[in-house]
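Reading through the C-alpha cells given below for one structure.
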Amino acid sequence: MTMLKDPSKKYRAFPTIDLPDRTWPSKTITQAPIWCSSDLRDGNQSLIEPMDSEKKLRFWKTLVQVGVKEIEASFPSASQTDFDFVRTLIEDGHIPDDTTIQVLTQAREDLIARTFESLRGAKKAIVHLYNATSPSFRRIVFNQDKQGVKDIAVNAAKLFVKYAAQQPETQWTFQYSPETFSATEMEFAKEVCDAVIEVWNPTPEHKIILNLPATVEVSTPNIYADQIEWFCRNVSRRDSVIISLHCHNDRGTGIAATELGLMAGADRAEGCLFGNGERTGNVDLVTLALNLYTQGIDPLLDFSDIDGVRKVVEECNQLPVHPRHPYVGDLVHTAFSGSHQDAIRKGFAKQQDGELWEVPYLPIDPADIGRSYEAVIRVNSQSGKGGITYLLEQEYGISLPRRMQIEFSQVVQGETDRLGLEMTAQQIYSLLHKEYLQANAPYALVSHRLQEENGHSAVEVEVAGEGETTLHWRGKGNGALEALVAGLPIAVEIMDYNEHAIGAGTNAKAAAYIELRVAGGRPVHGVGIDENITTASFKALFSALNRSLSQQEAKAA
C-alpha cells in the first residue's frame, strides 16, 4: 500500500470551534502553571520494560528534587506492583508535606475501592477518574450513547464521595478527565463535566480538577486553545475548578498546544520529563518549564543539573534522549557552522554578568542548567575561524590575531576535510603546535643574547641550520625584534605583531604572533610561546620565517 493521491477519501480535517471573539491570541503566559508529572503512570505504562519499584522510587525522588508538587505515581488497581509502590511511598515517608501524590482509576467500583485503599494513611492525595467521551470511543469501543457515557462518569463520581468519606484523615482532591476531550463535541464534554461537578460540589476553597486531554493529538494547537477557552467560559462553577491540560504529541505540537492552552485560561499542565509517554509521548515538562524560564518567568522547577536529571530518566526509562531534544540534547548548545560560531564567540565576548542574555544562537545560558561552554562550539569541515578561535581562547588562553585566524582556519579546514571527522580543542591545539610552534627548519633558534646601549638594542642569536651547522647572527635596532630582523641574512618585512599573557601570576607565559613577508613573498604568520616575552617574540619570528621558506620551497618544487 502507498500513500493516497487523494487522502480526503480516508481522512478528514478536524472541525474548527466557532469562537469569533477568542481572546487567547492576545494573551501571554505570565506565571508557571501547576505542574503534574505523569512519568510514573502514563510514562511508565508506555515503556517496553516498565520500571521496577527501585527505579520508580529513584524517579520519584528526582521529581521531588526538581520541585514537582503533584506526581501521578501509579494505577494502583492495575497491578500489585503499582499498589505496593503507593504503599511504600506513604509508609516509608517519601512524600514531602508540600507534595501531593496522584493516582488514576477507571470508573468501576472494585477499581475505585482498591485505589482508595492504596492511599490509606496519606496526608493528602489526588484521585483521578477518567472515561472516554469522544464519538469514536462511544461507538466503537464502548457501544454506548451519550447518556450511557455520562452515567458512567456520574456514578463513579458518587463512588469517589463514598470512599473518600471512609478515610477522613486524608485531604482529598478529586480529578476528572473526559478522556479524548479534544476529539469530543464541546457541548457534550461540558455536559459530562458539569454533571461530575454537581456530584462533587466543589467550592473556591476546595476545588476539583478537570483535566482536558488531547489524548490523541488530532488538530492544530490553535483549535485546542479554542476548545480550552470555550470550555473555561462555559463550564459551571469555574471559580471552583482547576482546569488542567494533558497533551500528547502525535502531530508534534504538544508543547505549542499546552502553551496556547495556558494562554486560553488553563491553570495546570500534566506531562512527562523529556516527553516520554504513549506513542509519540506526553508533552515535555522540561521544555515547557525552560520555555518559561527563557522568557523571564520563574518556572518553579529547578533544572540546574539538567544532565543529572536526564541520566536518571534515561536509566529508568531505558530510552535515550535525542541529541537534538530542546535544552538537554547533546547537540542543542553546539555550533558547527562557521558563521554561527563567529556570532556566538562575539556574543560571549560582549556578554557581561548581570546583563540580559543576548548571545546569538543560544536562547539560554548553558551554565544556568549546569552545562559547560566546552561543547558550545565544535569544529568540523563546516566550521570557520570563529569556532577555532573560541576553542583556543577558552581551553588554552590563546587569542589569535584576526588575519592569523583566517590563515589557521584554512589549515584546520584542510585537516577536517582529510579526516572527515570533528576536531576537538586538543586536536586543534596539537595542529597549531605542529604547524607553528614546531616550525624549526631550516633555522632553529638555540639561544640569544640581548644588550641595551644608548636606547638601542644589540642582539646575537645562535641558530641551528641545515646539516647540523651552527650559525651566529648579529643585529642592532630600536628594539629587540628590530635588531633581530636587522641581523637576518634574509630580507624580512614585519607586517604585524601581537602579544598577550597566557595565565596569571608566576606561572604565566607570553604568546607572541608575527606576520611577516620574506623577499616580496606572501604574508605568513608565526607563533612563539615562552616564559620570557622577548624569547617568545624571537620564536614567533623564526616560526614565521621557517614557514615562509618552507612554503616557497614547496611551491618551487
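Residue numbering: from 1, along the chain as shown.
Cβ atoms are placed via backbone N, Cα and C, with glycine included.
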Record-annotated Mg(2+) site (Swiss-Prot): member among ASN222, ASN234, ASN282 besides ASP42, HIS246, HIS248: ASN282
Mind checking which of HIS246, HIS248 has the fewest other CB atoms within 10 A of its CB? They're the binding-site residues. HIS248
Write out the long-range same-chain contacts of ASN282 (Mg(2+) binding site), meaning residues 6 or more apart in sequence whose Cβ is under 8 Å from its Cβ. SER38, ASP42, GLY43, HIS246, CYS247, HIS248, ASN249, GLY254, GLU270, GLY271, CYS272, GLY275, ASN276
Where ASN282 (Mg(2+) binding site) sits in the secondary structure, as DSSP reduces it to three classes: strand
Tell me the coarse DSSP state (helix, strand, coil) of ASP42 (Mg(2+) binding site). helix
Not counting ASP42, HIS246, HIS248, ASN282, residues with a CB within 8 A of the CB centroid of the Mg(2+) site are SER38, PRO213, THR215, CYS247, GLU270, GLY271, CYS272, GLY277, GLU278, GLY281, VAL283
